[in-house]
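Q: Pasting the relevant annotations from TrEMBL:
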type	residues	note
COMPBIAS	318-339	compositional bias 'Polar residues'
DOMAIN	1-243	domain 'G-protein coupled receptors family 1 profile'
REGION	303-347	region 'Disordered'
TRANSMEM	21-39	transmembrane segment
TRANSMEM	45-65	transmembrane segment
TRANSMEM	77-97	transmembrane segment
TRANSMEM	134-154	transmembrane segment
TRANSMEM	183-203	transmembrane segment
TRANSMEM	223-242	transmembrane segment
Amino acid sequence: MILCISDLFTMTGMTFLVTEVILGTWKFSATACTVYLVFDSLNKFMAPIIALLISRTCYATVCLNKKYQERAANLKFALFQVTIAIILVMIVLWPVFAYSGVYDIYLNANKTEKSVFVMRKCNFAPPPSVELGFSIAAAIANYAIPLGGILYWYMSVPLFLRRRAETTLVGKTGISETAIRKVITTALMLTLVYVLCWSPYWVVLFAHNLLLSDSMSHRSMVIIGYYIHMLPYISCAVYPLIFTFMNKTIKDAHVQLIMQQRRRLRSLTGDAARHVRQSVVALQEMNVPVFFRRLSVQNQMQEELPSTSTTKYEKVSPSPSTHLTTEGNSSHQEVQSSLETTTEETVECMDSDHDAEVIEVLL
């Protein structure tokens, strides 16, 4: 986990570096310059030290007695080791805090126009004696000690397992041989990455400080120096990958996580499909013409009313019976008009209720 966090710090610092490369000059403050150089140096120190602590933990878990095994597997003890390592690295990095800053470089001076091109660069520029002492201390703490510890502790584990397999009654089994091959493979991969990525870096660094400072300033050597300077970043990114691929527990946890996410995705797609089907049904109900519903309601209500005769009356002189018939006809017309009004109100009410149901389904 600390390896991954260290890589995250490096990515944060690389943001400043990429911005400087694109713009051609440093656009940030002196504090940002110090933060960038500290993050960059901290990752270069912490990645080998964490690899060293992991190799020590592997050795203690397998080869030492039960007391040391329990302590090596304790999370609090691991955090204590990491804290002590960070404090020691910060002490070694004190020149970075003291001699880092933003420096102005003057280029293309024009005496006629009295103009000059100013380029600002973030740089670590200690005195030569401090720089040499810092390089030696960093090489010992960051290269020699981790390399020796990784080789010793990782190679001690398969030797211990072989001796125990030969002295026990069980002898060499498939499980012990698999464990031995796994430890040897991890040790060889870490050592190979460590030597290939860090050896050129330190060789070029000391060559630049001691022997070939003038010849290293040529354009071809500068380009080679950039590629060599990139190698430690590659090693810092490879360390978490090595430990992840070689750790069965992490791979099993990753498989379980992928299965959980797939089940969750299937559940979400099932819910989404159900909501889509409900929305389609609601839209299909909304597409039924409204006047068909009104006609059906009117026909139903007219069938329920009693039938009324539609006799054609002739115009005669007013008489009591004629007057009664006229009143009956006017009463029939009033009933018909009230029936139509009631039917329209009922249909409008049904339309509003249906629209409310459709809106509720869509919501």
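Backbone N, Cα and C define each Cβ position, glycine as well.
Remember, predicted model here, so these are calculated numbers, not experimental data.
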Q: Is it the case that the transmembrane segment (77-97) and the transmembrane segment (21-39) have 3 or more CB pairs under 8 Å, with pairs at least 6 apart in sequence?
A: yes
Q: So which of 21-39, 45-65, 183-203 has the most C-beta pairs under 8 Å when paired with the transmembrane segment (134-154)?
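A: Ranking 21-39, 45-65, 183-203 by Cβ pairs under 8 Å to the transmembrane segment (134-154) puts 45-65 first.
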Q: I'd like to know the mean pLDDT over the domain 'G-protein coupled receptors family 1 profile' (1-243).
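A: Average per-residue pLDDT within the domain 'G-protein coupled receptors family 1 profile' (1-243): 81.
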